[in-house]
């Protein structure tokens, strides 16, 4: 094996990234080295690429980007006895301490000392990558790599959709970006009906329909609240799933959900959002869930089972596939323009 490899690196504290040759790492204690078979772009990667306020406060260049991955284990470090060379894995990207109050109460997804690879350490946008053995998830050998790399973001969607009953429930989804599209797929696979999607991008509305949305609405051209009320005979939806992080969409969703309904929030908002909490939440007795990370490891079992069931319509969501990283800038700019679903890299061109 060569000693060097290409990797997408955040080389400096500024917009963009670079494709550079870096050393192939060696696994340390408790780590495994994987040959990256597929890796996909997340919204977090886009924030790092754009060098927004959050990225500036968290990222310390130079650093290899990326955290969604599927790969084959080719070397194990000292002390690793749960993962073997040849295993086909994906990875939970939240490295938890196991010692804090949250972890000791089995709430690992909100560990108070969470570290994330591709954020707090080198990531997986490379031909080879290090994964902590405790974070490795063994995949079925017949799962396509482009599906296996999506399990981490699918976990976000699963926790959002399945935070409460969904089968047979009328559902509004705001935002049909990559995570919203995964949310549509999970909602449909779980029996939600009708699934109504509010999304301003025509490209993404068309993707939403391909994934299985029963109704789509452009909130810039129609009132989505009236749209929902017309469909539900004035009752409102039983479930509101927020993926956009847009304050206006959030408010419209609260208006559209029926009293006593359920709200799950995954989209990240500006720090301050103003809305009528008394009339839109308290007096409506809404059940509100904030969603972050994935429950370890319950969510992963659910995600893997959903994929293996064949009920998840993932193919329309994967809109762009690249062999190698040569066109990574094109991929990021397309994502910035809202002209993609999920983007998947296959690092090894052969």
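Glycine residues also receive a Cβ, built from the backbone N, Cα and C atoms like all the rest.
The record from Swiss-Prot ties 199, 204, 266, 267, 268, 291, 292 to NAD(+), and of the options 172, 179, 312, 314 it ties 179 to that site too. Nearest neighbour of residue 291 (NAD(+) binding site) by Cα distance, taken over the recorded positions 44, 47, 67, 97, 100: 44.
With all protein chains in the displayed structure included, the most crowded Cβ environment within 10 Å among the recorded positions 44, 292 is that of 44. The Cβ of residue 204 (NAD(+) binding site) lies under 8 Å from the Cβ of 176, 177, 180, 181, 338, 341, each on the same chain and at least six residues away in sequence.
Long-range Cβ neighbours of residue 268 (NAD(+) binding site) (same chain, at least 6 residues apart, Cβ-Cβ under 8 Å): 245. The two recorded residues residue 47 (active site, charge relay system) and residue 67 (Zn(2+) 1 binding site) have their Cα atoms spaced 13 Å from each other. According to DSSP, residue 268 (NAD(+) binding site) is assigned to coil rather than to any helix or strand.
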